[in-house]
Amino acid sequence: MALRFPRFSQGLAQDPTTRRIWFGIATAHDFESHDDITEERLYQNIFASHFGQLAIIFLWTSGNLFHVAWQGNFESWVKDPLHVRPIAHAIWDPHFGQPAVEAFTRGGAFGPVNISYSGVYQWWYTIGLRTNEDLYTGALFLLFLSAISLVAGWLHLQPKWKPSVSWFKNAESRLNHHLSGLFGVSSLAWTGHLVHVAIPGSRGEYVRWNNFLDVLPYPQGLTPLFTGQWNLYAQNPDSGSHLFGTSQGSGTAILTLLGGFHPQTQSLWLTDIAHHHLAIAFIFLVAGHMYRTNFGIGHSMKDLLEAHTPPGGRLGRGHKGLYDTINNSLHFQLGLALASLGVITSLVAQHMYSLPAYAFIAQDFTSQAALYTHHQYIAGFIMTGAFAHGAIFFIRDYNPEQNEDNVLARMLDHKEAIISHLSWASLFLGFHTLGLYVHNDVMLAFGTPEKQILIEPIFAQWIQSAHGKTSYGFDILLSSTNGPAFNAGRSIWLPGWLSAVNDNSNSLFLTIGPGDFLVHHAIALGLHTTTLILVKGALDARGSKLMPDKKDFGYSFPCDGPGRGGTCDISAWDAFYLAVFWMLNTIGWVTFYWHWKHITLWQGNVSQFNESSTYLMGWLRDYLWLNSSQLINGYNPFGMNSLSVWAWMFLFGHLVWATGFMFLISWRGYWQELIETLAWAHERTPLANLIRWRDKPVALSIVQARLVGLAHFSVGYIFTYAAFLIASTSGKFG
């Protein structure tokens, strides 16, 4: 008999019910649980799968370049970035009638197209690409990298090319190579690209392989580098009247510290960006030579951690035992990596709009909104994943003997204090913030808006003032016109920063008031509650007073049977599951706030946000309802328009979201009865009963139904808001 799916678990393969299929899919990537897995095969499988991941990423990015080159309007967009709509790709749909064809034929195209809201046009333009041929070249190169990645993945599964476990656990070598090779060399290479291709491109000089060695990016070449006159590279920067992509108003500097934004493109100065990447390259190239490998010099990670004992002896044994704990636990390493990546992704969201690096992207409002929202949601999923793998570490990999009285053990020892403090903070934030909002709602409902409780964010305004924002009148640090910091700032460092901070046309340090104070605390409530659920899930993963033997039941278990009351919903997986709802909720508030604040800024009516954001009805009526008008009227008996697809997606997103509750609210018994009735009917229906299946149909397990419900809730929620965001922004600003 042929091997049945799943081949990695013979026990599951022999299951006579449909559970075999769903559990097989659920555990396909849990290599640790597979039959006859060894530590060596585990590491090798994960290593090989990374190359597959890279191949997919390169193929996807290649596809972006290829479709824009083939079906887009990059060359005409380059000529007029502010008025031509960038096309992502063509749409072919047999359902389109003539009105639809006309509605979606935009951006100078000959047929229906999708408009690009990803910012890739601005990025490619900034880094020096100018023609469709450039895009095709990039697409081919990435396709080549994709093929190389696939070959590398296959190669590293062959016996002669499989790395050993000791190679995977050589932390110092990995750190050195990742710091120097991955970050250092790539940052240096990127600096080279910016200096040799992008900066000349921004000054109207087209540099490619055929003239790459003939065009000096700086008139004196490398002379200032070797003579120690590095400051020459910053002299004669582009002027404030520089027209991007032309020589008009351009300078010769390549590495500057101007600060602020290019007046025409509203993006960071390319020469500042090149300088930044050079500094990053230098730091990481040095950092990549810090750890001891073949030559007996440098730090040993183990020695560093063993030596890190807090003074006074009141904090236990510090980091003793951590090296082996981390180095032998893939879940711990993954948890750390996801936590770092999650924070970085959220920082990307914050900085892409406040300090835009790509030419003209600040004036593409829909892309700005889409990119912010996209990166915040991605960050949320990655961060919750960090805690999930932290909890799995505690269940599968944590060894109490190896970690006696170190920081990990002490976290577990103090978990009641940690969890109760987080609980207290969440309760305080929740009751006070909601109390203020509801009080203000009631005052408006009773016709006495002057009785609202409005709190000025004095401390936050003071911090903004310290960084140079003068409108609050604090006269402190950089906003004090006669202070030494202010005077130094005008000449020595970042002279453009102060003018940028005080220019109301960008998103740097937006003016804040009582509405911002309230929504910041609502977001703080969401962050603390999400953290509470995640931290509790990880710290209670091994056991709690209620269920001391919890670790023996694994990461995800529904309950310990009917005989032991109160053990349902307390697995570490359940904590992750609940936290994702809170995470989505919190990021909802974050993106609502960002979007509404910016819509009013871009429309020039900031008073609408300031007046309506201090009470809940204001958010519901003046943000959600008012901005959804295009979606609830996207197509009607009188015809359709280019927003119709978003109106349809808005409805579809609601449908997916609502379907989630079907899985979340009704449990297994209901579905089992329904399935058995349907199977009975199927077997007695002519023609239909010719189709048979081997597996007995059974309802999803409790945990699986929750996962399916959560997936529908998350996807539907994001689809719905994405449609709302893009339609409401593009409907106003194009």
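Note: Cβ is positioned from N, Cα and C throughout, glycine not excepted.
The feature transmembrane segment, as given by Swiss-Prot for the ranges 100-124, 175-199, sits at 175-199. The two recorded residues, W671 (phylloquinone binding site) and C568 ([4Fe-4S] cluster binding site), show a Cα separation of 20 Å. In this structure, the CA atom of C559 ([4Fe-4S] cluster binding site) is 19 Å away from the CA atom of Y670 (chlorophyll a B3 binding site). Residues 26, 117, 366, 369-370, 373, 377, 577, 580-581, 584, 588, 591, 595, 624, 627-628, 630-631, 634, 643, 646-647, 649-650, 652-664, 700 of the same chain sit 6 or more residues outside the transmembrane segment (707-727) yet have a Cβ under 8 Å from a Cβ within it. Tertiary neighbourhood of the transmembrane segment (273-291): same-chain residues 171-173, 175-181, 183-185, 187-188, 190-191, 194-195, 198-199, 234, 254-257, 298-301, 357, selected by CB-CB distance under 8 Å and a gap of 6+ residues from either end. Note: M662 (chlorophyll a B3 binding site) has non-local neighbours G709, i.e. same-chain residues 6+ apart with C-beta under 8 A of its own C-beta.
On the backbone, the CA of H654 (chlorophyll a B1 binding site) and the CA of Y670 (chlorophyll a B3 binding site) stand 24 Å apart. Residues 384, 387, 418-419, 422-423, 425-426, 429-430, 432-433, 436-437, 455-457, 460, 575-576, 578-579, 582-583, 585-586, 589-590, 593, 613-614 of the same chain sit 6 or more residues outside the transmembrane segment (517-535) yet have a Cβ under 8 Å from a Cβ within it.
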